[in-house]
Amino acid sequence: DLQPLEQNEQQVLQPWLLTRHSSLCQAHEETEKRDDSQRSTLFVEKPQSGSVSVGGNITFIAKVEAKDLLRKPNVKWFKGKWMDLASKAGKHLQLKESFERHTKIHTFEMHIIQAKENYAGNYRCEVSYKDKFDSCSFDLEVTGKIPLASVNGDGQDDAGELDFSGLLKRREVKQQEEEPEVDVWELLKNANPSEYEKIAFQYGITDLRGMLKRLKRMRREVKKSAAFAKGLDPAYQVDKGGKVRFMVELADPTVELKWYKNGQEIRPSTKYIFEHKGNQRILFINNCTMTDDARYYVTAGDEKCSTELFVRDPPILVTKGLEDTNTYVGERVELSCEVSEDDANVKWFKNGVELTNEPKSRYRIKVEGKKHTLIIEEAAKNDSATYSVMTTGGQSEAKLSVDLRPLKISLALEDQTVRLGQEIHLKCEISENVQGKWYKNGQLVEASDRVKLYHKGRIHRFIIASAAVDDEGEYMFVPDAYNINIPCKVHVVDPPKLHLDGLGENNTVTVVAGSKLRLEIPITGEPTPKVMWSKGDKWITDSGRIRAETYPDSSCLVIDTAEREDSGPFRITLKNEAGEDTALINIKVVDVPDPPQAPNVTEVGEDWCVMTWEPPANDGGSPILGYFIERKKKQSSRWMRLNFELCKETTFEPKKMIEGVAYEVRVFAVNAIGISKPSMPSKSFVPLAVTSPPTLLAVDGVTDTSVTMKWRPPDHIGAAGLDGYVVEYCFEGTDEWIVANPELTDKTRFTINGLPTGSKILVRVKAVNAAGESEPRYHPQPILVKEVVEPPKIRLPRHLKQTYTRRVGETVNLVIPFQGRPRAKVSWQKNGSPIDKNQINIRNTENDTIIFIRKAERSHSGEYDMKVEVENLVDKATIDIQIVDRPGPPEIVTIEDVWGENVNLSWKPPKDDGNAAITGYTIQKADKKSMEWFTVIEHYHRTSATINELVIGNEYYFRIFAENMCGLSEDATMTKESALIAKDGKVYKYPVYDDFDFSERPLFTQPLINTYAVAGYNATLNCSVRGNPKPKITWLKNKVIIMNDPRYRMFSNQGVCTLEIRKPSPYDGGTYSCRAVNELGEAEVDCKLEVKGKSFKSLQMHCLFEQTLHGRRNKYARQKGV
């Protein structure tokens, strides 16, 4: 009894292993029950137990709420205690999962397909998420005959099946009978972990986990030990109350040994005895109990050697075996046996498959001391089998035979006549409580949501809550296992009925005009009802454009080429012997809409317009969805679509048109059927834009009762032109604008009269054209209606600050603006004497004065003095007017000398230079014979000249014209004598000339003039000088020489001297001088420069002055007819 566990003892240990495994399983179940109370509840719907016939399908559903879960939970399905069904998925088992986003529910399904009887048993579904866990157990009951392949096979047909424990128990019996000589330890050592379950299944290992633990320890202890010459065997066994001996042999007997049990050191006692025999160290354990079943190991220094001790109970013997039993279906069956111990662990088997004592199982196991009973409350035919009982020390078996009782029909089925929609209820009662099947017209009827099959005891019922026409037929109930049937007939009657579910609201059917309508109305009724169609009082026949066609299950209304007149209600009537049904069907014929009326253009802009139109009178029977708009130039025939998305409104704004070009627009109406014909074109229109606001609005004058405003025309006028201006004003503190000019004014100046003295007004001006009024231009500040004294100031134009030159006969029209309020007085003098108003016209206004000479004469030349007086204040200005004319001819022209082909002429300047400097002379010659004059020299500046290349032998006369800025003199002075060009042979005597002295001291031919400059704009000072040798030019400011100043640039070209002042400021004003110096002397001229600050008002006044001057000059010229 102290020998280690050998391979040939596995068969003997198997009952003990079964007992040990059973006790471990019970402990595990108790632990699980304790854990279940602490688990978190995750299931919202748990799988429910169910039953299925052999070969049938069944689905188990588990639902988990994902509201508080961040990811999908982990779900596992088990059969029995530990068999994971994920690896068994195949043709008989499918695992599915889904997620409903709206309800946030995870659904997990297990489908069992073509179930077999050995699929029955207990199943478990486990769900876990992080630290949460939930589990649910449920049972599957499989009814019907056991397939022969599962009962009589050799085990190969079981591959992939679900009843793992059943196959295990069958193979346990085979192992006990065959006792194969196979070393399971060696198989497990050499096998892959994935094959452990297969080996356990094949060789009947029940405590697989314990075996794997022992295998793992054995693998760790394979190493050869240096301290132990001989170690402990892997395992030992001993009967309860027996004695066991552990022995190790040391390589070094001096090493200290220690023995341990489950990690606790063992001390010598009466139970534990230690012995030393040479190198052997022995441990005896006396009176072994179940608590000694544990792991032991011994340590020698740093090395350890371990083993396991298995303590077994005495085998349980079967003292009274099972007996064969015969019974009838539905009877109570009890199979009993007796064993040698009270409350011993006994296992029951049916055809080798273990039976469990679960609450929902058909089999109930009852234990009374040593008596064990298997109870079947209502025996079924498939309960016929071989039942066996097994203990650790023996087994017993017996056969149970369940036969059928003779069947009697207590209540037969009755024929029924049922109206459509009423309940069909078939009921029969037989003498035995057996299952059965229902048939209709020879076809098997299965239970469904519509067909309910009930079996309670000996009563069977067949119920259809709502009868249909297809439910009519012959029904029959056939009890299982009996060759008998109970028939009856069911007749379903159906009154006529129209099925209008497919029609629209109010039974309306819409058809497009011109298309064909075929309206099919499903009908029901038994017998087949008679169908009649009508529209109004007219019956519709089965021929013609509108006709009716009738079929067994429907009726058709056919309209070929639908027209708008076909719209209206059509009546359909059904009649049969069971009743009558009628309905109105509205036929609506729709078409494209009529075209809208011609659109109206209500508003026009620069490149846009606003158009409106009325909806078409007839929408074609379908609502108008929108409109398409087109436009074209009036002179063109090409229309252009303006919108590619429907316009929902009856107004539209076309854009991107050319201003000044005439256009037309038209509209298309659109409904669900299509696009209408185009509307008539609108009246032609021309896009015109209002002008931009007037510019430079300023106050021109203020009196005690009036305000005069002036402005410039708009920057942008456009194709519509400018019709005039509207001037409006309002008193400060009010919002009421008053129109000052009821009629448009075309002038850019307007006086607002009748204003109360001392009030303040705001003024605005609008430009008006055919497109309307522009945006107003506002005066920036309120204007005080009160005359203000303004000192006189003459604004002499720049061109009048120099000598004003005009030719005789030209018109002189000078406009000189001035300032001065109120009532400035203007007076003129010429050369210190009053002006003769008969020769010179003077006209004065509030802001300027005009001097006008229709035909200027040389007597009009002189200095004109202008004086403006306002009360005691005076301002003066002088204008130098020079009237010039063509000069007179030169005085005497003489021939000084003649030699060769040359003639030397001299003459004196004319007495009358035409009031302008002589700029040159023109010399002409004429042959004495022809007296035709030819120009020889033009623009000649000296008073003597030599004429060359004359023809020898000819005699010539010469004449000379004087020239000034007005042109040549009217007459010429001719030589009194002729010059004969002698032929060869004459000796020419060259004249002797003295060298001419060109030396001249500097002389300014054009002086500097006083200049006004605007700050920020370049200014120039100009003068001209002559002298020989060329004089040196020096510029001075306030008598200080200007040198190396980048703000000044100096130029000198052909005697013209220029000083450019870059962007002057008011500090650049002062007296500027130009000095010319050569060796003969020097000359100097000066002028004053006044720099005014650059302001809006100054710019405005300058622009106003230029405009006023030009306007008045032209106006005066028109009045005088010039």
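Positions of Cβ are set from backbone N, Cα and C atoms, glycine also.
Database features (TrEMBL):
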type: DOMAIN; residues: 314-401; note: domain 'Ig-like'
type: DOMAIN; residues: 595-694; note: domain 'Fibronectin type-III'
type: DOMAIN; residues: 695-788; note: domain 'Fibronectin type-III'
type: DOMAIN; residues: 792-880; note: domain 'Ig-like'
type: DOMAIN; residues: 889-984; note: domain 'Fibronectin type-III'
type: DOMAIN; residues: 1002-1086; note: domain 'Ig-like'
The domain 'Ig-like' (1002-1086) - residue tally per DSSP class, helix then strand then coil: 3 helix, 54 strand, 28 coil
Residue counts in helix (H, G, I), strand (E, B) and coil for the domain 'Ig-like' (792-880), per DSSP? 6 helix, 52 strand, 31 coil
Checked against DSSP, the composition of the domain 'Fibronectin type-III' (695-788) is 0 helix, 45 strand, 49 coil
Report the mean pLDDT of the predicted model across the domain 'Fibronectin type-III' (695-788), rounded to a whole number. 89
